[in-house]
Amino acid sequence: MPTESGTCSAARQAKQKRKSHSLSIRRTNSSEQERTALPREMLEGQDSKLPSSVRSTLLELFGQIEREFENLYIENLELRREIETLNERLAAEGQAIDGAELSKGQLKTKASHSTSQLSQKLKTTYKASTSKIVSSFKTTTSRAVCQLVKEYIGHRDGIWDVSVARTQPVVLGTASADHTALLWSIETGRCLVKYSGHVGSVNSIKFHPSEQLALTASGDQTAHIWSYAVQLPTPQPIADTTICGEDEVECSDKDEPDVDADVSSDCPTIRVPLTSLKSHQGVVIAADWLVGGKQAVTASWDRTANLFDVETAELVHSLTGHDQELTHCCTHPTQRLVVTSSRDTTFRLWDFRDPSIHSVNVFQGHTDTVTSAVFTVGDNVVSGSDDRTVKVWDLRNMRSPIATIRTDSAINRINVCVGQKIIALPHDNRQVRLFDMSGVRLARLPRSSRQGHRRMVCCSAWSEDHPMCNLFTCGFDRQAIGWSINIPALLQEK
């Protein structure tokens, strides 16, 4: 009927009008503009301890925020007018349909339904516009501070662990569920060495503190020590892989890196270890070197951690006490201390500084699996858990944490930048966030459909003195990623 077609035409015109309304609307109220400009001039004239460049940047950003919210206010007014107009036409339509009047109840129901739909559109418009504002400022910060530099693609299954060599030449190591460990050139992304001595998933990799030795833990119930000798290729010019934006785009498995062609097939392969550490009755989930590199510790699903002599492969101590499977182990960089974490919601500190006796302390505070616990500078330990929290502990006061970080997703193997005291948190939801030791969030690594991890991030590793990348991450998407973190800028923004 003519009345219906007129209503549809009006709705269509209103929709087109909203689409054509851009975020570059100019102010229409000159008096409002004068009132807004006055405080800004006063602010610019005030004495400030901020540098002029920082001050001008802040003024520019606040100006952008003001313009964005003014545009949203104008859109709000227009949408309200459209709601009133359509409600009036809907009421007239209800009186004219088929020459009969609609009952008041029917008219009220139909008008309410129409209003509900328009209200939902209004909420959607606000949400989308506000998200653009927030993400625009986050993008500026993230792009300046955290940049993706290199991707390391070659494994045929998820990567559990990533580590950086402590000796020259500095190489990257990855441990994968495809039963191999790979060594990479950080600069070129080329695979240098492939270790295939395990018959189960390789769950962790750690480099010797002073020699070209690697320690890997595996699902085959063993830990292997193997030697490598690599020659780094000539680095090529680095392409700029920085992508603007932090779009929350979900990617399916088909978006994962294509590794049908095994890039590790043409690199040297090591098949036999120098030493095999055997004594566990379950999966060895992690292993690490004690300070000095003469002993190694392993953590297993058989609820024990074992301390081995590296030269003889003999078992020195069996560390028992956890009620459930162990998830991780870590050693202190300068002292004979070991920390083990477990599914029993606790982690334990083992002290081997006195050769005649070793002591143990139990840390309780999490409500779910403790996925990792690592040492920092001095007397602090940082623990992460499936209960979505990270806690910072003082070894001299074990009753309660000195800081707690609450997140929105389970946390996997954490890593601490010792020199700068920055914690990297890899999450089940593909996020990687950076915090300081007091629990203040510093940044989030960019994540979009074109960069970042596409599935769960398992582990992170800092390399504090590498000129190209100083943070590495790995995940179930079968790739490791090298990031450049501008730490001075990160701490300045804090």
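Note: Cβ is positioned from N, Cα and C throughout, glycine not excepted.
Over in TrEMBL, the protein carries these features:
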- 1-10: compositional bias 'Polar residues' (COMPBIAS)
- 1-35: region 'Disordered' (REGION)
- 22-31: compositional bias 'Polar residues' (COMPBIAS)
- 69-96: coiled coil (COILED)
- 152-194: repeat 'WD' (REPEAT)
- 195-227: repeat 'WD' (REPEAT)
- 277-318: repeat 'WD' (REPEAT)
- 319-360: repeat 'WD' (REPEAT)
- 363-403: repeat 'WD' (REPEAT)
Same chain only, please: residues at least 6 beyond the ends of the repeat 'WD' (363-403) with a C-beta under 8 Å from a C-beta of the stretch. Say none if there are none.
327-328, 330-333, 337, 339-343, 345-349, 409-416, 418-419, 421, 423, 425, 435, 437-439
The repeat 'WD' (152-194), counted residue by residue under DSSP: helix, strand, coil:
0 helix, 21 strand, 22 coil
If you run through the repeat 'WD' (277-318) with DSSP, how many residues end up as helix, strand and coil?
0 helix, 23 strand, 19 coil
Counted with DSSP (H/G/I as helix, E/B as strand, rest coil), the repeat 'WD' (363-403) has 0 helix, 22 strand, 19 coil
